[in-house]
Amino acid sequence: MPDTRPIRPELDNDHNIRGINYTILGIAVFSIVLRTVTKSYRFSQWGADDYLIIAASVFTGVQCIIMGLMTFAGLGRNIWTLDDSTITTFHIYLLVVQYAYVLSLCLIKLSILYFFLRTFPDPKFRSIIKYTIAFNIVTTIIVTICGALQRQPIHLLWDGWKDYPPRGKTLNIPAIIFFHAGVNIALDIWMFALPLTQLYALGLQPKKKAGVMVIFGVGIFLIAASCIRIPYLLDFTRTLNASSDAQGFVVWSNIESGQEQGPGTFYPEAQAAAQRGYLFKDL
């Protein structure tokens, strides 16, 4: 009987994926260490933003660990080279990574928003931040519930790959994915534009204002990472080779989480150091 498998070169991107993975894991660990050390030296007091960024770092760490395990379960390889049990394990890991990603981003955004509450005194601005916090929480809950119910019964989330046509009830999975991606990009743009409107009310010298704006300008890179991830999501929603085509959006999801850890950790510590005269002292 002739071999009818797709003609596609064998893939093995394990080393590249693990290299990126270890870098992001290092950022997550650094985030926790930096927060703990700066609080130990009493540059600033513990606040809700500190606890939230540490919780986010834990979920980012889970992402990295599971992504590392995924390389042993077929991530980056053609699906027809894997046995059935490995493919099922791959889908379980993929589900865990997706949930860790959604929760990590939610917590990072909450940490930054609570930092804004600690930093900016304007009542109207604080009200806007509180509404943004509520919006972030509500949309995350919606995505989490829809993600859990995307295939029913629930075991089809990892077993359903065997079915054609799909068994059970299936939600519009691409709609869920792109709803979250769109909300995430919109929040990134919103959150990194908001504080720029308040800088001139802080009473900083012009050069210090410029320095702070550069810090907040890191948000441009976060928005770019979110946008780069979308074409990979598009490819994955219509793929027949999940283990290979998942690598793009899984890797960029981790990169996005790692990038967001930077501002989520650095903003508060930079602000605390600035208050002590350690930051921008030569400007």
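Placed from the backbone N, Cα and C atoms, the Cβ positions cover glycine too.
What TrEMBL says about this one:
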- 34-257: domain 'Rhodopsin' (DOMAIN)
- 20-38: transmembrane segment (TRANSMEM)
- 50-72: transmembrane segment (TRANSMEM)
- 92-116: transmembrane segment (TRANSMEM)
- 128-150: transmembrane segment (TRANSMEM)
- 170-191: transmembrane segment (TRANSMEM)
- 212-234: transmembrane segment (TRANSMEM)
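Taking residue pairs at least 6 apart in sequence, the transmembrane segment (20-38) and the transmembrane segment (92-116) share fewer than three C-beta contacts under 8 angstroms. In the predicted model, residues of the domain 'Rhodopsin' (34-257) average a pLDDT of 83.
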